[in-house]
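> I grabbed these lines from TrEMBL:
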SIGNAL    1-27  signal peptide
ACT_SITE  Thr192  active site, nucleophile
BINDING   Arg220, Val221, Gly222, Asp223, Thr243, Gly244, Met245, Gly246  substrate binding site
Amino acid sequence: MKRRNFITRTSLNTLALGLGINSLANANFKQNQLKLKPSEKLASGPVAICTWEFTKANATAGALLDQGLPALDAVIKGVAVEEENIKNTTVGKGGSPDREGNVTLDACVMDHTGNCGSVMAVESITNVAALARKVMEDTPHVILVGKGAEEFAVESGFTAENLLTPETEKLWKEWLKTSDYKPVINIENHDTIGMLGLDKDGNISGACTTSGLAYKMKGRVGDSPVIGSGLFIDNTIGGAAATGMGEEVIKTVGSFLIVELMRNGMSPQEACEEAVNRIVSTNPNHTNFQVAYIAINKQGETGCYCIHPGFKMMKYSNGENNPVVAGSHLK
Ligand code: SD4
């Protein structure tokens, strides 16, 4: 799509929303829905993709999609594999704590109807993606943080537990000796898990869950639970998810940006590359941090891209679950 058309369409959409005039947005919505004829819906079959080489988590979601589960159920069950994996120090129970020794989890979910839920800085609940879904479905709100989210979780039947394991406590105490805080580029090739699912009905949903940056300041929240940054879904277009330096993803509203770029004609791959480009082109410091994106469109096409080499996406389709090495801005 030509740059001028892109700008015109994007700014008209923004104008329409800003003025509360939704006829133009509705027209685009209908147009995009019409692009998908029923016979095209399942052209690809169900697809699950996730950030990093979370093989089991992605295979779990993929198998559930093949069984016919809605995408939201499949991705929440998929990411739960890593939330419950205490060996993974970047997600859920066993995640690295903040610099004061508190493990604080962030997560969000978004479904094919545009509904979303998020929890931030949760200290005692392992399955925070499922909790974000509860916020979405059982409260009048989108986001609950800290103690409020924890109390709501217990009232909703979640079990409160200590998320700091002896291993992560030991690592944190080691870290305290220097207290040297610097971004880590790729942690053992696994990190925040963002997952996107396309189900048998052609609907897309996503989940994103993390313990955030190790040894962050108390109260720090990254991109992962921020709708539009760590995750965004528009079921007429596709979805995107992010991992890496959350501050940089938030500044460019990365996942929303990718979906809007796809709306304006880019493939998932092109959109991920452009979103990384937005960060690196304005930030000379980009050699010091990692950001990686994954995306899927309504046709089941996928893409991924990152700043530093070393990022992989898992992709489940046609019953096969394989890692995909992402292209990178730095070689
Ligand atoms: C955050 N994006 O809290 C997460 C952390 C992450 O690779 O994905 N690190 O900023």
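Numbering starts at 1 and runs along the chain as displayed.
Quick reminder: no glycine exception, Cβ is built from N, Cα and C everywhere.
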> Long-range same-chain neighbours of Met245 (substrate binding site), Cβ under 8 Å, sequence gap at least 6?
Pro183, Leu213, Phe289, Gln290, Val291
> Would you mind sorting out which recorded positions among Thr192, Arg220, Val221 put a C-beta under 6 angstroms from ligand 1?
Thr192
> Quick one: give me the count of other CB atoms within 10 A of the CB of Arg220 (substrate binding site).
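Here the count is 17.
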> In whole Å, note down how far the CA of Thr192 (active site, nucleophile) lies from the CA of Arg220 (substrate binding site).
15
> On the three-state reduction of DSSP, what should I expect for Thr192 (active site, nucleophile)?
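For Thr192 (active site, nucleophile) - judged by DSSP and reduced to three states - the answer is coil.
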> For Thr243 (substrate binding site) and Thr192 (active site, nucleophile), what Cα-Cα distance in Å is obtained after rounding to a whole number?
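Approximately 6 Å lies between the Cα of Thr243 (substrate binding site) and that of Thr192 (active site, nucleophile).
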> Helix, strand or coil by DSSP: which one applies to Gly246 (substrate binding site)?
helix
> Reduced to three states, what secondary structure does DSSP give Arg220 (substrate binding site)?
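Going by the DSSP assignment, Arg220 (substrate binding site) belongs to neither helix nor strand, so it counts as coil.
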> How far apart, in Å, are the two Cα atoms that lie farthest from each other among Arg220, Val221, Gly222, Asp223, Thr243, Gly244, Met245, Gly246, the residues recorded as binding substrate?
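The widest Cα-Cα gap among those binding residues is 16 Å.
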